[in-house]
Structures are given as structure tokens and as C-alpha cells.
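Let me begin by presenting the structure, written as C-alpha cells, before commenting on it.
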Amino acid sequence: MLSQNHLHVSLLYIVLLTGTKYGCGGGGCGACTVMVSKYDQLNNRVLHYTVNACLQPICTLHGAAVVTVEGIGSTKTKLHPVQERIAKAHGSQCGFCTPGMVMSMYTLLRNKPHPTMEDIREALGGNLCRCTGYRPIIDGFKTFCDVSNAFNLFPQASCLIQRKNDCVLNKYLIPCQISEELFHMDNVLPLDPSQDLIFPPELMIMGKKRACGSLCFQGDRLKLISPVDLTNLLELKTEYPEAPVVVGNTTIGINLLLCHLLFVIYLLCVHVHAGVSMGAVCTLSSLKEEMERAVREMEAERTRGYQALLQTLQCLAGKQIRNMATIGGNILSANPKYDLNSVLAALDCTLQVMSKGTWEFVSAFRQAQRREFAFSIVNAGMKVLFREGTNIVESLNIYYGGVGPTLVKVGRTCQKLVGRSWGEDLLADACRLLEEEVELSDSAHGGKVEYRKTLTTSFFFKFYMQVLQELRERDVNVCLLPLEYLSALKPFKNEVPQGHHSFQLVSNAQSSQDPVGHPMMHQAAFHQATGEAQYYDDIPAVQGELFVFMVTSTRAHAKIINIDPSEALGMTGVVTFLSAGDVPGQNRRMLFNNPEELFAEEEVSCVGQIIGAVVAESREQARRAAQMVKVTYQDLLPVFFTIEEAIQHQSFFDPKRKLERGDVDKAFETVDQILEDEIYLGGQEHFYMETQGLIAVPKGENGELELFVASQHSAYTQEVVGITLGIDSNKITCHVRRLGGAFGGKVMKIASLSAITATAAVKTGRPVRCVLERGDDMLITSGRHPFLGKYKVGYNNDGTIMAADITYYSNGGCTLNESLIMEKALLHMDNGYKIPNLRGRGLVCKTYLPSYTAFRGFGGPQGLMVMESVLHEVAVKCGLPPQKVREINMYREEECYTHHKQLFSPRDMLRCWDECLDKAGYHDRLQAIQQFNTSNRWKKRGISAVPMKFGVGFSKGFFNQGAALVNIYKDGSVLVAHGGTEMGQGINTKALQIASRILKVPMSSIHIKETCTGNVPNAAPSAASFGTDAVGMAVKDACEKLMRRLKPFMENHPKYTWQQWTVITAMARFTALILGTSRSQVGYPNAVTVWVSRGPHTDMDWENSEGPAYYYFTFGACCSEVEIDCLTGDHKNLRTDIVMDVGRSLNPALDIGQIEGGFVQGIGLYTIEELQFSLEGVLMTRGPSQYKIPALCDVPPQFNVHLLANAQNPHAIYRSKGIGEPPVFLASTIFFAIKEAVAAARRERGLGDSFPLSSPATAERIRMACEDQFTEMAPSPKKGTFKPWSINI
């Protein structure tokens, strides 16, 4: 057990409790959250706290009780209220993060049965969700709050609103009922703390006994010793001087492969009246509690340092990490990104009340990529002492983290400022001295050099203003701080998202038994909340199972000279090594007329390309052995990674696409103004919570093989495996129960992993499991394409755009893969705007990076973003509000043609736009923002609204088909199988609703079978927002055929029940078999398989720039408001309002969930998520500690989503619309609102409104765009004079 000594390993493979998920292995996602309970001998009580199982060493749990999600409730017995409420509130989509969310909330309730909203926010701060957008999770959990503690406790509960839409197009509408209730609290289980699990009495007895000696845990590779006290620890440290001392294990983590490790289990917390002393092994959570206690009980004057520490601790990691990490570990790790060190250093490493006769002012500052649960880019701790009644500096301490290899004390600066008056002269000299003393080379580790330098002076300026303000409050004669500066002293407050939601109720004429159109709970929500929902890695080990681990290239472009696996093959447990020569079929296949290799044979073309694979008895053995495979390379030229370099080398994939409407060149001759500009959009990692993988099981007979695989396109996986093995597809069966998130990332790349794993299974004759580690997943599978949009725009002075010539460049990586997303970018380049002369070119750059692949939106968000940038810049040049320029250029006629000559009506897009501006109170808020910006110098706000026209379906018509198999059994139960993949979007739930409507049986009588190529062959991928359209129509047709066959029996026996009808049809079939009558004559409805291709034909003629590329368009509009801190670049999303046309929603709860989740994923795309590559093409952001997706703190506190009423769509199932992809783009409103806020700051400084801002609009880019005296002190070095730390791909 100690060879794999972490708790999640034991839970999954030894105890076989699969509810605790493995998402990242580094404590960065919260999927593996469990509750640990220990007896606290000092305070004579049982402590309950959350931990990350992926970091928790088993040996530290001696004497502790561990509770997993399975232990608190089950669908087989009884749900816990936490499990029930997150499910009923629609807080579980893919479900992979749900058990972790449940355990965080459960632990909070064990400690505090009546929590506040702030308690909930803190408890969930260490849990990430990639699907929901967090709001529904909060909605479910806030029901545990006292009404007095919760604000807007049931924002969605209320009412039916009888209204007539007051849109300008209301002639098309009819009065309708609108509901704001997505779920209700009727008949929910009450929280009863008396029913909670008790702490085991035997552990209580053990805990009350003082330990007599140290504990020693001995394994094959590890020796783990737990000392009984400090004296014992010192003795052991003398005996094992090289052994690290580990407490929380949050730094060493899963890399504990040394032979001697010391584990200090017990902590010591001592209260001292003069201050607070904490033992080195005290956890950060305990420290936070002590600081809060001190602030409550002591005079404010004596708690300056405590308040500074609290400010830092509130943003430091998640709750689970704070429960494990310690003060001593934080200090001794000497990591400059650890925020605590700079504050402790400024306080002279002690927390004590200073002697009488002096005034003390202490502050802590940090700026991170994400406000919470992220390492800081730069942090600072500052303390100044004045003689009471004066502004003369008696002592000054300033420490910075993140501007050097260790903590940096600016001693010279502090020394020269002692004895000076606290005023403007001191500020000017301090900034100059800091600039001189803080040395950061242009090639410094971590990059962002100019930004980090700017933060050092910006932080001091904040400290200066804070101290100045407090001195004035004490009547000291210092210079007056302007009122418009004061807001800079208030840090952004993290809040939980609240929202209002509305949707149209079904007609009163609809049967009460018909579930279509109602906000039904996700079909698997209860199972996901209890941990019973099974994902591929939850499947119990098959007898004789092996593990495979990939060997990947460490060079970007090189010839493979030799592959030597001999050392790896000699290691314990290693069974075999695979490379290109082991492939029984084809190692190379063609994809879109471009070659794709399974294993690199002669050359590698990116870092992360798969060269071979090690197969071993255990996961850990395979991982270690893969590191021992030696590959000899000969570097090749050229090597380049960026779009700009690809343009220089003219390195592009074919085909190169072009669309054109009108005469662009002629139009440029007649316009008032011409603008040429560009915008860069960075890529994005999928960061699905469940990493890619599968289990391949050879059946032995006839070469059959079963794959239990995480795939959005099981038919393609089946095809690739068949090509690789050289066997027919009919011998390969792919099973897909559900995916823990996918977002397009599990369409293509999983097929290659499946083929390698299948090759291993065939070669060894044993089952083989492949589970990618998070870092390897990010390295191998890649993500969304980076884009560069260059445009030339001709417009008139009134803002009317007459011509636009746009060239799109995408970074495709080393192979084409799914870089045909360029076609979708071009097809969406007009968005909702009628530009009479429009030309777009699309070029996919071939570089030496891992090939980019499909991602939610499939090029749409990039194509739309470039056009919105065009509109925004034209508005700036014309001196007009962007909203007005957008309205001037919108499609308006009832019948319009896109730039590729597809007919559509923009009516519902215009309705979305008008309703969005109205519901958002856009015009009133715009005036309020202008007033705010006038009154605040260092904080600025911005607001932006955009419309959206998004094509749904595949432009390649053959993909637009669905298949379903429906069986009716004689007991009346119904089994449905279809070709779609459930990955959180609710396709199974909607299929149940549709089948229930047609068959007129309750949803509880219908079961959805796993997706299986043996049941439904040759299915299209679940992608392009088209899954429900295709599958739903197939289920509908199959059920209708069955009902037609049942009709004679139902008419002959009108008083029979459903079950009786199914029985007599079974009897009729049996009689027919005896008499020799064919089944078709009898019409027995036992099973129907249906393939459906619905809607207009889709196809594109790229030569003539025309064709119906999509079945229909989903429309929407969004308005967002943000506030930025001009001194740090931090921003807060204040409010978002979305109005979305989803046709007649099949399930408003699921659709609103998709809208919110897509929007929050878009927040990451446009503002937070930043991929960084080294100069050698190595991905450096390979896990949650380096790569940040949106957390709870990033969701707008006011998040309102409304479904457009009276919307129709004749081209899809029950007039609904696909909704999975479109909402991602709406988050561009956050980007443009940020740009408006930055422009306000620049105008105040006499700078131009037009300035470059690339996406994502990170804190660094925001701060450096707000040019001021502090950014001028950190000028950018000239290109070619230094070696940058990372490259902009």
C-alpha cells in the first residue's frame, strides 16, 4: 500500500469506493474531497475537516475517521439532504465534481448546521466545476442557511408572470406565462444533525490516550515515521538528517519517492495574552481561526497585523488545502509565490502587539491569475511604525514575493525612508528606490517582468495611500488624499452568484403527464451526488488487468535515432514496451487527407508526441518505467511555434478557405474612413474534470475486443482501433456510460489513446487500463486553437460599416486534426451584422506544437470575437457608443441572407437584443458607470452588450443524423439506446422526456442504456450543439413507429393499461410464431431502430462562397458590467444579463444550466485561462496550479438568464434549439467591458481610446494597458535583447 500511499489510491483500488474522484493529483480541483474526523485532545472535541484525498498520505490518518460521499447517503438507502438538494437544484451536470462539492458542504454542516452565505462561499472555494457555472450549486446549498443569514434565499422561486412581450416586434407574439421557478423545496429532506455518523468510539478512546512512542510505516520504497512530540522529532531528524519533514503534504505532494520521510501528524496551538503564538505544524485553517478570534476579542488598534494576515489567508488556496498546509511548511518551502511569507516577514516573523507609544500600520497585497485558489504573481507585506502623534517614519519593513528566487527584502529602500515624513516626496523617492533595488532580469523565471516590476510600486502606492488616510483620521497633519483615490484602498469582495431566471411555461392544453418543456432534474443527478454514477475509471479492475503509460517526445522537431526501453523492461512489474513496430495493422492513417501517426516512427514534430508506451502490472510501475525509456534524437530545422513565425515560413495546411460577399475592394474606394488593426486570441485547455482514458478488454474468441472508453465519438474510436489492429469493426465494441466533461476534447484524440491501449491488450492478451495524468492529458491532447485576426475595415462617419476584409490565422499545431474549425470561424464572421461587402480568408498554421483540436464552439467564438473587435474599434474611431454602432449594422429585414447566402430571419435575434438591454437596464447603468468613473481615479467600470447569431449543426451534412433503438418489454418497461453521449448536457434526460411524451408512460418506466456501438452503429459525434436534435428526433420517430404498431391493440382494448397492452402484444407475437405468421403482419412493437436525418440539407460550396451551412441559428444577447483595479489589473465581474433564444425549450433547467456553464467557460477563455509555452515548445501550464479555470469567485454576483418567450424553430425536435456551444461567445462581453473600463482610465490620463488588448484580458494585460507613472518605471525591453521566459503562440 505504501508504494502508492495516498488516500485516493486506497479508496479507489483497495476499498473500491469510487465516489471520491481523481481529477488532478495536486489538490487543485477538489474532486477528491473527503471529510476527516479526529479527536482533539487539547480542546476535548472531535474535529471535522475536508482534505484532498489525492494529497493525503494514508499514514497520517492513524486514529482518524474518513467519510466519503458513499458514507453519507445512497439511492439504495436514503439520500443525505446535501445530496438531494444539489441534485434537485440542477447543480450536477457531468457529475464528476459533484461528490467533492457534496463533501465540502457536508463537512461545513457538520461543523455549522446553520451556515451563512460566506461560510458556503469559503467551503466551496477549493472546489472547481467546469460544467455548471456554480450558480445552481449555490442555489441548492443556500437552502441550508437561516433566512436571516441568506440574502435573496430563493431568487428563482416565485411566480407565474402573465405578460405580453413589449418588444418592438410584439406583433409576432402572443400572451404567455413566464415562470421563474427552476426547482422547488417541497418535500425535501430536512437536515437532522442527530442522524449524522458518530465518531467511532474506539477512535475516541485511542485519541484520549497519550501516544507512547512514534509510529513507523514501512513499505517497499518508503519509510514513514510519525514522531510523538517535538523531542522525538528532533531525535529522528538527527538519525535521518536528509529526510524531509512533511505535515500537510501540500508541497511535496505525490512526488514522495524518497526512502525516508518524516510525518508530523499532531499540531500545537498555544494562546498567549500579549498576542498569538502558533506552532510550526499549525494548519493555515487553524491560523485563520485564531486570527479571526483575535480580531473579534482585541482592540482594533492592536490587530493590524492579524487583519493583514486574514486578508491574505482568505485568498490563499482552497479550504481543503488550508486544512492540510501548515505555517512551518509555508515558510520553509521558501517559495516566493507563497503569500504568507511576505506578511510574516514584514511583521518580523512574530505576531505581537507593539509597545506603547508607537503607531503600527500593516498591509498585505497580492495579485494572482485568479483572485482565489491561485498562487500569487507578486505578493507583498508592508509595515510602518510612527512615533505616536507624528508622521515621521520610525521603522519600515517591505517584503516582496514573486520578484526573486526567494523572499525579497528591500532593505536599502526602507533604510533611506526611515526618519522621513510620510508625504508625496517620500512616495516619489520610494518608487524610485524600489525601481532601483528590485532587480528582475528581462528573462526572469515566470515571465511577466514589466508587470511584476509595476506591481512592486503599485503595491507601495496603495500602502502609502492607506497609511496616509489613517494618519489623517488620527488628526495628523498630512497631505489630503483626494476622494477619488479612496476606492483604490478597498479590495474586491468575493461573493456568491445569485440570479434571476425566467422561461415560458408550457401551454395549459398540454397534458400534466407530459414532461416535455418542464424543468426536469438531470436523469442521473442523484447517482452523481451519491458517487454511484460510474465513469470509466470507476469500473472495477478486471482479472489480470495491466496499466499503460505513454512515452512522449521531449523535442519539438527531431529525427528519432534510437529508442532504448531496456532499463524500463528490467524494472519490477513491467510487462512490455510498445512502439510503431508492435502495431499489427496500420500505424499511419489519413485524416482529412493529412497523415496521422499513432506512434512516431522516424521523426517527432512536437513535444508531447507519443513515441511508445510502457505496460506494467500497476499504474505507478508503468509511470516510473516510462521515465526510464531512453530516446536518442537528432534535432532538425526549422523549429517554430507561433502564428507569426508560421506566416514568415508560409507554413499552412490545406485547404485554405475563403468567403466573399459583394465587391470589397471597390467599396474601400467610397468609404469615409479605413481602419487596419488586429486582435490575438489565446488558446484554451478543455480541463474536463475527468481526464482521458479507457479500459481495453480482449475477449479471446475470434479476436473480439471491448473498450470502455471516454469518447464523444465512439464510432470513430471503433474505426481507428480497427485500422490499428487490422480487424473488422464488428469485432470491436465501444461502451460509453457517461463522460466527466468533454467540451469537444474527447472526439478525436481519445481514438489514438484507445488504439494504443487496444494494441497493448492484444499483444499481452490481458485487459489494459489507460488513465492519463492531468499534466500528460494537457500535454498530449491540447485544446482550443489560438487565433490571430487581421482586418481592414471601411466605414462611414456615422458608424456604418461598408466593407471588411478579414484574415484569420489559427495555430493548428503539427497535424491538421480538427483544424477545420477554421471553416466555422469564417462562417460566423458576420455575426448579426449586415456588412454588404465582406471578405474572409482562413489559414491554418502548421507549427511544431501538439495539434489543436475541437473545443466547445469549434471556431465560432474566435470568428465572432474578431468581428466584435471590428465593431468596437469602429465605434471608438467614430466617437460613438459601441452599442449604437452595433445596432446600426445589425441585420434588420424579415428575410436576410448571410455572407454565405443562407436565408434566415433575424427577428428573434433583435428581440433578444432589445429584451437584454431592457432587462439589464443598460442605458441607466451606462450613465451610472460614467458617474462612477468620474468619481474614482484608480477603479474604473465598463459595460458592454453584444448580440449573437450562432449556426447549429454540422456544415458537413452526413454528420447531421441520429440513431436510436427503443425496446418495449412485456412488463411495460421501456429501454432506449441511442448514438449520443451523455457528458453533462442532459441528452439522456431529454431523450427520456421525448419518449415519455410519445409513449405516454412516466419517465420512471423508461431506462436509457449506455452508448454502445454494438447497439447503435456508425453514430455521429455528440458535438456542434446537435446531439439532442439528432438523437431526440430519432427517439421520437422510433417511439411513434412503436405506437403505430400498438394502435390496433389499444383501440381493441381501450380500457387496458399500458402494461396490459404490452402483454397482449407479446401473446400475439407468440401465437404468430406458432402459426408461422410474420411479425410484420402482426405488428408486434418489441423493438425499433431508427436512423434520422432531419431538416434542410447542409453543405458549403467554398468555391462560390455559398451554401446552407447550418440547419438553423441560435440567437442571443448578453450584457456584462465589470470593475477593474487600475493599479493591479485585477477585475471583478459585477453583473451579467443574458437573453437566449432556445426555441421552445425541452427542459428549461438544463438549457439555462448549459447557458450559464458555457458563459463561465467563456469567462475563462476571454479573461483568465492562459497557456504558456517555453522557447523549446514545452507546455508549462500543465495542471491546476499553473492553469486557472474560473472558480466561484469569478462568476458575476448578479447572473441573470432569461429564455426568449414565443420563440419557434421548425427545424428541430419540438421546435427547440441546440444550446451547448453558443453561450461561450457571450462572455466576450466581459472582455469588451474590461476594454471600456481601461479606456476610461486612459482617457483620464490623456491617452487614446484605441489601444491593443489581446485575449485573454489577464490582470497583466489590463494593468499594463492602464498606462501611468508606475508602468513607465518598467519599460518593455527591445525585442532581440533578451531571451523571454515564454512565447505567445
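Positions of Cβ are set from backbone N, Cα and C atoms, glycine also.
It should be emphasised that the depicted structure is a prediction, and the values quoted were computed from it without experimental measurement.
Pulled from TrEMBL, these are the features on record:
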SIGNAL    1-25  signal peptide
BINDING   Cys24, Cys29, Cys32, Cys54  [2Fe-2S] cluster 1 binding site
BINDING   Cys94, Cys97, Cys129, Cys131  [2Fe-2S] cluster 2 binding site
DOMAIN    217-420  domain 'FAD-binding PCMH-type'
BINDING   Val245, Val246, Val247, Gly248, Asn249, Thr250, Thr251, Ile252, Asp339, Arg366  FAD binding site
BINDING   Gln712, Phe743, Arg856, Ala1024  Mo-molybdopterin binding site
BINDING   Phe858  substrate binding site
ACT_SITE  Glu1221  active site, proton acceptor
Within 10 Å of the Cβ of Val245 (FAD binding site), how many other Cβ atoms are there?
19
Cβ neighbour count within 10 Å of Cys97 ([2Fe-2S] cluster 2 binding site):
29
Please identify, among the binding-site residues Cys131, Val247, Phe858, Ala1024, the one with the smallest Cα-Cα distance to Cys54 ([2Fe-2S] cluster 1 binding site).
Val247
Mind looking up the mean pLDDT for the domain 'FAD-binding PCMH-type' (217-420) in the predicted model?
74
Let's check the environment of Gln712 (Mo-molybdopterin binding site): how many other CB atoms sit within 10 Å of its CB?
25
Measure from the Cα of Val247 (FAD binding site) to the Cα of every one of the binding-site residues Cys24, Cys97, Cys131, then give the nearest.
Cys24
At a 10 A cut-off on CB-CB distances, which of the binding-site residues Phe743, Phe858 has the highest count?
Phe743
Tally every other Cβ atom lying within 10 Å of the Cβ atom of Arg856 (Mo-molybdopterin binding site).
25
Using Cα coordinates, what distance in whole Å links Val245 (FAD binding site) and Cys131 ([2Fe-2S] cluster 2 binding site)?
38
Roughly how many angstrom lie between the C-alpha atoms of Cys131 ([2Fe-2S] cluster 2 binding site) and Cys24 ([2Fe-2S] cluster 1 binding site)?
16
Inside 8 A of the center formed by the CB atoms of Cys94, Cys97, Cys129, Cys131, which other residues of the chain have their CB, for the recorded [2Fe-2S] cluster 2 site?
Ser92, Gln93, Gly95, Phe96, Thr98, Arg130, Thr132, Met689, Gly740, Gly741, Gly984, Gly1157
Which of the listed binding-site residues (Cys32, Cys54, Val247, Ala1024) has the least company, meaning the fewest other Cβ atoms within 10 Å of its Cβ?
Val247
Least Cβ-crowded entry, counting other Cβ within 10 Å, from the binding-site residues listed as Cys24, Cys29, Cys129:
Cys24
For Cys94 ([2Fe-2S] cluster 2 binding site) and Phe743 (Mo-molybdopterin binding site), determine the Cα separation and express it in whole Å.
11
Between Cys97 ([2Fe-2S] cluster 2 binding site) and Cys32 ([2Fe-2S] cluster 1 binding site), the C-alpha gap once rounded to whole angstrom:
8
Checking the contact step here: among the binding-site residues Cys24, Cys32, Cys129, Asn249, which have a Cα within 10 Å of the Cα of the residue listed as 'substrate binding site'?
none
Taking the centroid of the Cβ atoms of Gln712, Phe743, Arg856, Ala1024 (Mo-molybdopterin site), which other same-chain residues have Cβ within 8 Å of it?
Ala742, Gly744, Gly745, Val747, Ala854, Phe855, Phe858, Ser1022, Ala1023, Gly1220, Glu1221
Of the recorded positions listed here (Cys24, Cys29, Cys32, Asn249, Glu1221), which is spatially closest to Phe743 (Mo-molybdopterin binding site) when Cα positions are compared?
Glu1221
